[in-house]
Amino acid sequence: MLLLKEEDEGRRRTSVPTQLMKLNRSQWWILVFISIFFLISAQAISVLLGRFYYNEGGNSKWISTLVQTGGFPILYLPLSLLPASQSSSSSSSSSSFKTLVWIYLSLGFAIGLDNFLYSVGLLYLSASTYSILCASQLAFNGVFYYYINSQKITCLIFFSVLFLSISAVLVSLDDDSNSPSGDSKWSYLIGCFCAVFASLIYSLQLSLMQFSFEKVLKSETLSMVLEMQIYTSLVASCVAVIGLFASGEWMLLSVEMEEFQEGQVIYVLTLVGAAVSCQLGCVGAVSLIFLVSSLFSNLISTLSLIVTPLAAIAVFHDKLTEVKMVAMPIAFTGFTFYIYQNYLDDLKVQRAREAQAE
């Protein structure tokens with residue numbers, strides 16, 4: 001959910017700490033590669049640990065929901081390293097406290113619901129099937145950016161939406177796909193619906209978050225993005241805790257921990273690892289925005305959607321059906337269209353800067 005507009009890139013560079021400005025080229029590349037590793041690996045690991053939790057006897061959907069945002073205090077570390085921006089303070093004076101609270105509460109509630117749907121989807125689906133379906137978020141991105149953020153839908157974006165939609169439909173109709181929990185076809189369809197609907201909500205909240213920065217807060221800096229991530233995650237975590245107690249799942253946690261096949265220590269480490277990996281992915285995304293650009297960060301995040309289903313097949317030996325073998329290349333083609341369109345947009349921005357500099 002970390003989206004920063006390219007035309008603001010130069011202005012944000014002025015807030016880069018002097019420590020980064022003193023980096024030589026090799027040090028800069030090391031930090032970039034570390035950030036890429038954090039982003040791709042963390043997103044894949046969080047999905048794999050979530051599937052591992054269910055495979056080994058975990059059954060709490062609300063605990064799985066909580067770990068997706070519960071590690072948000074980690075984000076205070078990178079936030080403390082950033083300088084206080086003038087735009088952040090000016091936006092606070094121009095935007096009422098009630099407006100900020102409303103934004104954090106509404107987006108945080110949406111994130112909490114979104115994470116719950118992701119948890120239900122992962123419960124009923126194999127990790128590879130789940131990851132392929134979650135790639136549909138790119139298709140929804142194009143639609144919401146057009147209607148909410150007034151961004152054009154080019155031919156490449158149209159074909160990206162088309163290919164990703166076809167891939168999602170094929171996977172959802174795959175009769176040979178195995179449900180990891182051995183549930184019925186009905187449960188499999190529920191998992192597919194939850195994964196796709198969660199991707200829709202995720203894309204919607206990205207567009208609404210960018211809309212909030214542009215139209216309400218009137219500014220967008222790295223500090224503000226991290227603050228938005230922290231406070232919305234806090235609200236989403238509260239939603240998960242309320243759901244945990246309201247559903248009565250909290251009473252079964254001690255039994256679940258005792259019956260976890262790999263033992264209580266692994267149970268705790270699995271949940272902690274999932275929570276930490278979710279936040280490390282966020283740190284990696286912010287770092288790439290900081291070191292390179294928002295476009296590059298979004299592209300690497302897109303590439304992680306390709307890595308995750310492949311990692312799931314390798315780790316959990318998910319059933320690679322004929323339909324899935326067709327759906328994955330179609331989804332990858334949709335990724336390619338999406339990435340190439342972003343490359344063209346970035347090229348256009350670079351040329352405009354060069355022309356303005358001359």
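Each Cβ is built from the backbone N, Cα and C atoms, and glycine gets one as well.
As annotated by Swiss-Prot, transmembrane segment applies to 29-49 (among others), with the evidence given as sequence analysis. With a threshold of 8 Å between CB atoms, the same-chain residues lying at least 6 positions outside the transmembrane segment (29-49) that come near it are 23, 68, 122, 127, 130-131, 270, 273-274, 277-281, 283-285, 287-288, 291-292, 297, 300-301, 303-305, 307-308, 311-312, 315-316.
What Swiss-Prot lists as transmembrane segment is 62-82 (among others).
Taken from Swiss-Prot, the feature transmembrane segment applies to 100-120 (among others).
For 128-148 (among others), the entry in Swiss-Prot reads transmembrane segment.
Annotation comment: Swiss-Prot describes 153-173 (among others) as transmembrane segment.
When Cβ-Cβ distances below 8 Å are used as the criterion, the transmembrane segment (189-209) is approached by residues 1, 3, 107, 110-111, 113-115, 117-118, 120-125, 129-130, 133-138, 140-141, 143-145, 148-149, 168, 171-172, 179, 228 of the same chain, each at least six residues removed from its ends. What Swiss-Prot records for 189-209 (among others) is transmembrane segment.
The transmembrane segment feature in Swiss-Prot is assigned to 235-255 (among others); the stated evidence is sequence analysis.
What Swiss-Prot lists as transmembrane segment is 280-299 (among others), and the listing cites sequence analysis.
Proximity of distant same-chain residues to the transmembrane segment (300-316), defined by a Cβ-Cβ separation under 8 Å and at least 6 residues beyond the stretch ends, is recorded for 36, 39-40, 43-44, 47-48, 51, 55, 126-132, 134-135, 137-138, 180, 281, 284-285, 288, 328, 332, 335, 338-339. Per Swiss-Prot, the feature transmembrane segment maps to 300-316 (among others); the stated evidence is sequence analysis.
Using a Cβ-Cβ cut-off under 8 Å and counting only residues 6 or more beyond its ends in the same chain, the transmembrane segment (320-340) has close neighbours at 128-129, 132, 135, 138-139, 156-157, 159-164, 166-168, 170-171, 173-174, 176-177, 299, 302-303, 305-306, 309, 313. Annotated transmembrane segment per Swiss-Prot: 320-340 (among others), in sequence order, evidence recorded as sequence analysis.
Beyond its flanks by at least six residues, the transmembrane segment (62-82) meets 15, 17, 46, 50, 53-54, 111-112, 115-116, 118-119, 122-123, 222-223, 226-227, 229-230, 233-234, 236-237, 239-241, 243-244, 247, 249, 253, 271, 274-276, 278-280, 282-283, 286-287 of its own chain at Cβ-Cβ distances under 8 Å. Within the chain carrying the transmembrane segment (100-120), a Cβ under 8 angstroms from the stretch's Cβ atoms is held by residues 1, 50, 61-62, 64-65, 68-69, 92, 134, 190-191, 194-195, 197-198, 201-202, 204-205, 208-209, 212, 216, 228, 231-240, 243, all 6 or more beyond its ends.
Below 8 angstroms of C-beta separation, residues 59-63, 65-66, 68-70, 72, 104-105, 107-109, 111-113, 115-116 of the same chain, each at least six residues beyond the ends of the transmembrane segment (235-255), sit close to that stretch.
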